[in-house]
């Protein structure tokens, strides 16, 4: 019945008996011992390769079981007899042999993938030999040796060992069914013969024990053959299902590629992609009722014009940097693609150091530093994306369009190359949507308000006659609102360039002033200060360094941020102080949260957090408020050095930074 069901399930497995009587009997015996086999030899070989890893795992489990069993028996033998015996020594030696083979397979063979199937079969038969020795050692006979004391023995001795070994041979040891049956018959038969030979005249009931042993041996063989056949059937069926699934997937991919080639033969690529997306939409009413109109902009030329208007001839440094990076990407993609990101990062650092110390005047370099930061983030991110295989090396035109895009070449924000490509597929209806126009107007109004508060309103609200810490908070807040002004201008230019909300992960939101001015912790401050830069540092610095420790990853993240801003002691001191303070606060508040089982962590807990004491608890609310006030104090302490003095045009030096802190 099993063979017939197998034939119905898989048409490539061998079927029923043939016509000739002799052939019928021969095939019947073969089918009973090994009933499942594919008709195709190639398919059978493929299945054997597929099952090879499972056989290795089963053999490791077998070795583990016998290591534990032999070690336990050897220890019990010594514990009860209090002396060394042949049985205990043999079990101990077998345990050591099994351990050695397990280590050999695990570390030198399977880990380095250097064991061939022929060698694997040799290891299997060696393990089978020692398993048989383990069973024979338990036979009911006297070895007649001082180290083998067995004053009394019965015909039940060795039965459980034989049953155990036979069952393991059928269920775990990767043997052919015929060889497993031979072992399952010979080992119990040998035990029966030994019982008959060693029977005594005083034992009148020996035949009852012998019949019971035979029943047990027959039962374990029947159960073993049944389990072996069911396992083989399940494995072959799983293999066939997996193979059919892979074949169907490849066929679907080939058909999709044919359809895409057909579509690309009559339409441009970006239009064809949009048509394909619309065809697969669930809303069938919108299909074929859309006019595909696209706009094209010379984004790279527009970006160069904008750079020329802002920096004049100083754009030559940006052009040299961008061209040199593309040459590096070409060379590394040709010889060592995995090193593209590291090579670009090292070159950017050296380029910044050389320009700042030797080539460029301080005032001129300080004027282009913002655009240089955006360019550095773009090319370093592009290099690491190429290293990780996320994307191939872009063409020169795509590279120049990405680096010198007019929408973010001056003020930012940083976007990845994959997100930048969404600009090309933006249609007119999307750019002129109400959401897009609302975003442009809102960002423009916020930028004007932040500029007005930074230059006028802040000084009018907090006068110079106030307490020094209040004045420090005012000066730091003035700097922060000038930063918000730049961020909102960045949002406006990015939206005008065609990057509408939803194209990238963080939309076109560059900063969240409310989360910075009224923070829960310093972690919220550094996260919401500049969202695109935070995303860049998290992706290309923090996640890469995280396996080496959280503290090291945090410090390296702030070091990378300070290096992007150039050799500026003031910025480096502020950024490294923020990194140290935020890490200490995050660690301390995490421990407080665990100790008191309360929502005291640096980041706000989710709505259904498991803490006992929530944010609305009075003590928790007061504690979080105290940490928020401490974060505001740090903002005033670290931001007071950014003033509007003459040194701001060429960057603050170390003496200015230390003098500001000393005054406080």
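Residue numbering: from 1, along the chain as shown.
Each Cβ is built from the backbone N, Cα and C atoms, and glycine gets one as well.
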Transmembrane segment range according to TrEMBL, out of 30-51, 206-227, 228-249: 206-227
Stretch contact, the transmembrane segment (310-334) with the transmembrane segment (619-640), Cβ-Cβ under 8 Å, 3+ pairs: no
Intrachain residues whose Cβ lies under 8 Å of the transmembrane segment (86-110), provided they are six or more past its termini: 56, 59-60, 63-64, 66-67, 70-71, 73-74, 77-78, 119, 123, 126-127, 130, 133-134, 137, 143, 145, 147-148
Spatial neighbours of the transmembrane segment (206-227) far in sequence, C-beta under 8 Å, 6+ residues away: 154-156, 159, 162-163, 166-167, 169-171, 177, 180-181, 184-185, 188, 191-192, 195-196, 199-200
Integer average pLDDT (0 to 100) for the domain 'Adenylate cyclase N-terminal' (36-289): 77
Touch test for the transmembrane segment (58-80) and the transmembrane segment (372-393), at least 3 Cβ pairs under 8 Å: no
Cβ contacts under 8 Å made by the transmembrane segment (178-200) with residues that lie 6+ beyond its boundaries: 33-34, 128, 132, 135-136, 139-141, 153, 155, 158-159, 162, 165-166, 169-170, 206, 209-210, 213-214, 217, 220-221, 224-225, 228
Outside the transmembrane segment (372-393), six or more residues from its ends: residues with CB under 8 Å to it: 317-318, 321-322, 325, 328-330, 332-333, 337-345, 348, 352, 399, 402-403, 408-412, 414, 416-418, 533, 536, 539-540, 564-566
Tertiary contacts of the transmembrane segment (153-173) (same chain, 6+ residues out, Cβ under 8 Å): 58-59, 61-62, 65, 69, 124, 127-128, 131-132, 134-135, 138-142, 180, 183-184, 187-188, 191, 195, 198-199, 203, 206, 209-210, 213, 216-217, 220-221, 223-225, 227-228, 231
Same-chain residue ranges lying at least 6 outside the transmembrane segment (340-360) that approach it to Cβ under 8 Å: 314, 317, 321, 324-325, 328-329, 332-333, 372, 376, 379-380, 382-388, 540, 563, 566-567
